[in-house]
C-alpha cells in the first residue's frame, strides 16, 4: 500500500512525518480525507494505531528533524523493540503507563497473602505440637521429606501441561545443591542453639536475618537502598523486639545461655539469609538464560527440597543427638511418632488428640507459606519477603491471646505490644514510601 507524506513547518524546523494508512488488521480504518489533521506536531514523531486501546508512541530525538523515507526506523511493539501498548518511549528509555501500578498491586497482594499464611504457619505449628509434643523431630522430618514428594509431583504435572519447560529443567543444578546444603546447615545450627536458648530470645535474634539480607543483597546483587528503606528496616526490627521481648526475661536468658549459643543462632539466620539471596540470584540468572523468561517456582522448590532432604539424611546422627534421641533408637522413635501422627488407637497413640488433622493442616499451610514467600521473592526482593514474614510475628502474638482449641489458657499480651506494633507498622510504611523523582516523570508534548 502506498504511503504518503505531509510536510509541516513549525518555526525554524521542518518535519517530514510519514503517515501510513492502517491495514485491515489495524482497525478502525480512518477516512482518507482526515488523515490525522487534528494532531499538532512539535519535535515529536507521533504514530497512532488502534488496537483495543490507543497507543501513543512519542520518540524524543536530540535533532530537530524526524527520520523519514522508506528506510525510516519503525517504532513497533515487536519483541525487545520499542514500547508496549499504551506506553511512551522517551529517548532510550521506555516507561510503561500503568505497568508500575499493576506491579505494585501484584506485590501488595502477594505481601498480604504471605502475611496471612505466615500467621497461620506460626499458629498451626503450635497446634500441631499439641498431639506431637513428644515427637517434634518426627514432624520436622515428615515435612521435609513430604515436601519432596509433593513438589516433584506438582512439577511433573506442570511439565506435562507445558508450564515447566525443558530449558528450565536444564538449568545448572549446582545452585540448588548449595540451597539444600544451606537449608540443612541452617536447620542443624538452629536446632542446636534453640535447644539452649529460651523461646523469648529467639525472635529477638531472628531480627539479624533482615540485617544479613540487606548486607548480602548489597554485596552479591549490587543493590542500593535509600535512607527511608534502611530506616524502615531498622524500625521494623525495633518494633518486633519491643513486641516480643517486653515483659519477658529474654535479656536475662541470653546472658544465661552465653555468647556462643547466641552466635550460633545468628549464624543460623545468616545461612537462611544467604539461601534467600541465592534464590533471588537464580531467578535473575534464569531471565538471562531463558531470554527474558523465568524459571517456575516448583523447579526451584523441588530441587532445593530434594538436596535439603539429602543433606538432612547425612546429618541425621547429629540432628537426632540434638533432640536427645540416640541414633540407635531413632527407628523406634520414628515408628512411635508415625503411630501418634496416624492416631489409630492403642497405647502408642494415647495423648495424640488432634492428630492427624492438626499436623496435616500445619504441613499444608507451611507449604503454601513457602510457595507464597518464594513467589514474593521472585516478583520483588528478598528484603520485601523478609519484611512480610516479620510482620506476621506481632499478629501471631495477638492470635495466641485468643481462646484457641487444644492450647488451654490463652496467653496475655506483652506490656509493650501496642507500642511495638505501632513502631513496626511505621517502619513498613517508611520502607514502602517512594519519594517523588522529577526525572522519572513522563514528559508530555506541549500543545
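Placed from the backbone N, Cα and C atoms, the Cβ positions cover glycine too.
The region 'Disordered' annotation in TrEMBL covers 64-87. If you look up TrEMBL, you'll see 107-125, 137-157, 177-198, 204-222, 229-247, 259-278, 298-319, 357-377, 384-407, 413-433 marked as transmembrane segment.
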For this session: Six or more residues out from either end of the transmembrane segment (357-377), which same-chain residues have a Cβ under 8 Å from its Cβ atoms?
Result: 107, 110-111, 113-114, 117-118, 120-121, 124-125, 127-128, 130-132, 139, 142-143, 146-147, 150, 276, 279-280, 283, 297, 300-301, 341, 384-385, 388-389, 406
Exercise. Is the transmembrane segment (259-278) packed against any residues at least 6 beyond its ends, judged by a Cβ distance under 8 Å, and which are they?
Worked result: 175, 178-179, 182-183, 185-186, 189-190, 192-194, 196-197, 201-202, 205-206, 208-209, 212-213, 216-217, 220-221, 377, 382, 385-386
Exercise. Can at least 3 Cβ pairs under 8 A be found between the transmembrane segment (107-125) and the transmembrane segment (413-433), with each pair 6 or more apart in sequence?
Worked result: no
Problem set entry | Same-chain residues at least 6 beyond the ends of the transmembrane segment (229-247) whose Cβ lies under 8 Å from its Cβ atoms | 200, 203-204, 207, 210-211, 214, 383, 387, 390-391, 393-394, 397, 414-417, 419-433
Problem set entry | Recorded stretch, among 137-157, 177-198, 298-319, 413-433, maximising Cβ pairs under 8 Å relative to the transmembrane segment (384-407) | 413-433
For this session: Grab the same-chain neighbours of the transmembrane segment (137-157) for me: Cβ-Cβ under 8 Å, and only residues 6 or more beyond its ends, written as numbers and ranges.
Result: 128-129, 164, 187, 296, 298-299, 301-302, 305-306, 308-309, 312, 319-320, 323, 325, 333-334, 337-338, 340-341, 359, 362-363, 366-367, 370
Seminar exercise, completed: Lying 6 or more residues past either end of the transmembrane segment (413-433) yet within Cβ distance under 8 Å of it, the residues of that chain are 228-229, 231-248, 387, 390-391, 394, 397-398, 401
